[in-house]
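Feature list (source: Swiss-Prot):
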type: TOPO_DOM; residues: 1-56; note: topological domain 'Cytoplasmic'
type: TRANSMEM; residues: 57-76; note: transmembrane segment
type: TOPO_DOM; residues: 77-119; note: topological domain 'Extracellular'
type: TRANSMEM; residues: 120-140; note: transmembrane segment
type: TOPO_DOM; residues: 141-146; note: topological domain 'Cytoplasmic'
type: TRANSMEM; residues: 147-167; note: transmembrane segment
type: TOPO_DOM; residues: 168-177; note: topological domain 'Extracellular'
type: TRANSMEM; residues: 178-198; note: transmembrane segment
type: TOPO_DOM; residues: 199-204; note: topological domain 'Cytoplasmic'
type: TRANSMEM; residues: 205-225; note: transmembrane segment
type: TOPO_DOM; residues: 226-243; note: topological domain 'Extracellular'
type: TRANSMEM; residues: 244-264; note: transmembrane segment
type: TOPO_DOM; residues: 265-357; note: topological domain 'Cytoplasmic'
type: TRANSMEM; residues: 358-374; note: transmembrane segment
type: TOPO_DOM; residues: 375-380; note: topological domain 'Extracellular'
type: TRANSMEM; residues: 381-398; note: transmembrane segment
type: TOPO_DOM; residues: 399-405; note: topological domain 'Cytoplasmic'
type: TRANSMEM; residues: 406-426; note: transmembrane segment
type: TOPO_DOM; residues: 427-440; note: topological domain 'Extracellular'
type: TRANSMEM; residues: 441-461; note: transmembrane segment
type: TOPO_DOM; residues: 462-478; note: topological domain 'Cytoplasmic'
type: TRANSMEM; residues: 479-499; note: transmembrane segment
type: TRANSMEM; residues: 501-521; note: transmembrane segment
type: TOPO_DOM; residues: 522-540; note: topological domain 'Cytoplasmic'
Amino acid sequence: MTAQIPYQHSSGYISHFHNNELDAGRGRDYNVTIKYLDDKEENIEGQAAKISHNASLHIPVLLCLVISLGGFIFGWDIGTIGGMTNMVSFQEKFGTTNIIHDDETIFVSTKKLTDLQIGLIISIFNISCGVGALTLSKIGDWIGRKGGIWFALVVYCIGITIQILSYGRWYFLTLGRAVTGIGVGVTTVLVPMFLSENSPLKIRGSMVSTYQLIVTFGILMGNILNFICERCYKDPTQNIAWQLPLFLGYIWAIIIGMSLVYVPESPQYLAKIKNDVPSAKYSFARMNGIPATDSMVIEFIDDLLENNYNNEETNNESKKQSLVKRNTFEFIMGKPKLWLRLIIGMMIMAFQQLSGINYFFYYGTSVFKGVGIKDPYITSIILSSVNFLSTILGIYYVEKWGHKTCLLYGSTNLLFYMMTYATVGTFGRETDFSNIVLIIVTCCFIFWFAITLGPVTFVLVSELFPLRTRAISMAICTFINWMFNFLISLLTPMIVSKIDFKLGYIFAACLLALIIFSWILVPETRKKNEQEINKIFEPE
């Protein structure tokens, strides 16, 4: 049995490592208990500065992109379902028979889905995503971030199978989409969380933003495939037109699942939940492009475990029981002001949807028709292309501007373009010039959303919470995002039919509220560790 020797951290904290661990930078036997610990994450500013400038981030960036691929299936569903439900073969397969009587008293039989059926098929996905995010994302604490994503991919494939085997029964198709949504909902929590915990310290914000980039890429690819299928398979009996997007879902899930094999597990999960410190050291070193023997690795582990070491002396049975009771609702009752952090996270997620972005993707088709672009498939490709290309810039600006600044700057620009859109649409005459203005404003709105609110929302929310409550807190925030997504997609057509472009003023009011809310309550989390964020909520 190897002897234990203390290692003196620069802050005065002593961690107990084995002598062979200090020599080799790795080991298997640690005398560390990691139960009921409080989180003390890395000091991003200080530690990132200490990492060698020679550290190569090519492999870490590639591995982060692999993690972010988990968002592709989310975008793929968004990009394919709208076009699928409009395909003639889809309507013939799942619709009910309608008898049409023309002027010459000839009866024509067609099959068509009702608006209610289409609404249920599309919106059930949003509801089930919210349910999956809220109820099953905790699995990431039980079997790891990677294991949780693999579980979600299996659920996703089961949902695809149900849809393919629905045999023309729209309610079975809806059930399949519900199961698929549960799987996707889990990924919307675990993928940003995994990215936040595994990204190189120097570029964490940018790497978390790649999740939104991959989502928009999935939307674009789905739109392009729909366009190809609609052009190539016009015969109502050619079910391959709507089945191909579903079959490809298997391929994406397999690619994502196999790629994750090469990604190390989250160092926070390994060290603080699984109690596997050697693997945590390896993970941190690999994802920051430094050797496992680098002093930064030891310092990072020390920072993760410091609070646990300080709490070991009070680790008796009665206090264990009190901690268990406390931890049940710690995400609300914990300090410092975790309830306020949860409210901030929920509001940011809600405001992302209330910005009106999905209104543009829904109503943009009508605007493009005004200048002769009447094909909804082409319109979708144009809008999703702007969204994807702009998100690439967002990866840079989220890190450059800072998270709160990005939120304020983005919402201010979105407010301007939403007001312009609503005013021109409401009071402008229907001319080619006004339609061109509306198209330009639409693209500008999507551009500013893609470089600010789109990526920064998940980055900021993922950094608000300590590790001990991050899973449940992010699950609740993501659930709110999905519920507002569902409500807006459900209510927008009805509201537009009543007040038309004036709906833009409602979204503008929400954006103004976001600016005020962000200015007063949202903290700047860029390059701040948990202790620094704690001081913001409880100033000493």
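Cβ atoms are placed via backbone N, Cα and C, with glycine included.
Counting only same-chain residues 6+ beyond the ends of the transmembrane segment (406-426), those with a CB under 8 A from a CB of the stretch are 348, 351, 355-356, 397-398, 434, 437-438, 441-442, 444-445, 448-449, 451-453, 456-457, 460, 500-505, 507-508, 511-512, 514-515, 518-519, 522. The transmembrane segment (120-140) makes contact with the transmembrane segment (479-499): 3 or more of their CB pairs lie within 8 A, with pairs spaced 6 or more apart in sequence. Counting Cβ pairs closer than 8 Å to the transmembrane segment (57-76), the top stretch among 147-167, 178-198, 479-499 is 178-198. Here the transmembrane segment (441-461) sits against the transmembrane segment (381-398); at least 3 CB pairs are under 8 Å, leaving out pairs fewer than 6 apart in sequence. Only sequence-distant pairs (6 or more apart) were considered; of these, at least three Cβ pairs between the transmembrane segment (244-264) and the transmembrane segment (147-167) are under 8 A, so the stretches are in contact.
Over the topological domain 'Extracellular' (77-119), the average per-residue pLDDT in this prediction is 75. Residues 203, 205-206, 209, 456, 459-460, 463, 518, 522-526 of the same chain, all 6+ positions outside the topological domain 'Cytoplasmic' (399-405), place their C-beta atoms under 8 angstroms from a C-beta of that stretch. Beyond its flanks by at least six residues, the topological domain 'Cytoplasmic' (462-478) meets 37-39, 41, 130, 133-135, 137-138, 140-141, 185, 188-189, 192-193, 195-197, 208, 268, 272, 327, 330-331, 334, 338, 341-342, 344-346, 348-349, 403, 523, 525, 528, 530, 533 of its own chain at Cβ-Cβ distances under 8 Å.
Sequence-distant contacts of the topological domain 'Extracellular' (168-177) (same chain, at least 6 residues past either end, Cβ-Cβ under 8 Å): 81, 93-95, 113, 117, 120-121, 124-125, 128, 159-162.
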